[in-house]
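For reference, TrEMBL has these:
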DOMAIN    156-407  domain 'P-type ATPase C-terminal'
TRANSMEM  187-211  transmembrane segment
TRANSMEM  217-240  transmembrane segment
TRANSMEM  270-292  transmembrane segment
TRANSMEM  304-326  transmembrane segment
TRANSMEM  338-358  transmembrane segment
TRANSMEM  378-401  transmembrane segment
Amino acid sequence: MVYGAGSGAAPAGAGSSDAVARAVAALRAAAASGRLLAAGRAATGTVGNGAAAAAQQQQQQQQQLAAPVGLVIDGAALALALQPAHEGEFLDLCRSCAAVVCCRVSPMQKAQVARLLKRCAGAVTLAIGDGANDVSMIQAAHIGVGISGREGRAAVQAADFAFGQFRFLLRLLLVHGRQSYLRCREVVLYAFYKNAAYVSCFVFFTLYSGFSAQSLFFSVYIATFNAIWASLPTIAFGICEQDVSCAAAMANPQLYSETRTQTRGDFVRAWLLWISLGLWHGVCAFFIPLHAMATPNRAGATASVYLLGTAVMTSVIVIVTLRVAIRTQYWTALNHATVWASLALWVPFLAVLGSMCASTPGLAPLCGLGAGLLGTPVFWAGAVLAAPAAALLADFTLMVFQRALAPRPSQILQTKP
């Protein structure tokens, strides 16, 4: 984080110095990643008291250097450090320090420091300032935060976020920033997962039908799956989800490090897990209704391809919707409305389509949907009960083992009264 301040101990509008100090301490607890500078070169000396004294002195120096080290650099020295020939060494030195203070620097130098961290360190930078001299730094960082105060509104107008006191930065990062990351991560993974479960049914039907050009799902199902049935619960999840309360997130700033330490490899592993679960759910959603609907009716006929597709689509919708439900940790009225409405309205939707088939030529393949499918016990037992139960058993098993063997800090906090 890059912070621009005026000449006082606390910038105008930032609040009291104690409040700023407490906010900085909480941010350090949330994102402490500074490296300790530990030195110690093997020294040789004469045998005897001289060698013992030298060894004792070296040990004391090592203990002093093992403590957290800070760097204070002024504008003149920073101008030399930011030269292309020295910026690599300067960046290595900054990485070795717990904190770096750049004092008496120009607005351009503030922006250069932010760009250096972005370009060479690969860091996601946040710049916060309260004056016009901080505008270039705010614009150079990934995220700009302006504090409105006595020095005008130039920083606020150039920033992505604005508030009245520095201490509000804690809530922006520890609550809103963390929750936004968790929500976006889950929604992105869920988007891949639900389409893996949905598309895999096409693949299985293509293999089962001998690579026929026949589509498994009716066109109305294809048009409404992502637009209505699988999207509304996801939208509600992305808006309302939180794993811990706002007060708990503020009181435990170390939870923030759980999100900021996530690497690209961690996301890829999570993506592979979700895709694997999507494929398994596709297997259950296709083959269990397939074998259930293969039972001949009283007339000796089996279900048509569109009735089979309806049963498979029912399983897919029930599975992907219930998976949102079991992943939801914070239920609101919006979550309840979207999840249970998606499940409850699907059967009436099918009944309406079946009743319109006689008067609508395009719906002719769905004739007999009511009596031939919705009125049969095998549909409810196979597509609505057995397939979701078999599919989601893997999810419950993984969740139980993960919480028991490798719980995350937020999950440990959830168990505390």
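Glycine is no exception: its Cβ is also placed from the backbone N, Cα and C atoms.
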Contact between the transmembrane segment (270-292) and the transmembrane segment (304-326) (3 or more Cβ pairs under 8 Å, separation 6+): yes
Positions on the same chain near the transmembrane segment (378-401), where near means CB under 8 A and six or more residues out: 273, 277, 280-281, 284-285, 288-289, 291-293, 295, 311-312, 314-315, 318-319, 322-323, 326
Residue numbers, six or more beyond the limits of the transmembrane segment (217-240), whose CB comes under 8 Å of its CB atoms: 183-184, 186-187, 190-191, 194-195, 198, 201-202, 306, 309-310, 312-313, 316-317, 320-321, 324-325, 327-328, 330, 332, 334-335, 337-339, 341-342, 346, 353, 363, 365-366
Within-chain partners of the transmembrane segment (187-211) [C-beta distance under 8 Å, separation at least 6 from its ends]: 217, 225-226, 230, 234, 237-238, 270-271, 274-275, 277-279, 281-283, 285-287, 290, 309, 312, 316, 319-320, 323-324, 327
Mean predicted confidence [pLDDT] for the domain 'P-type ATPase C-terminal' (156-407): 91
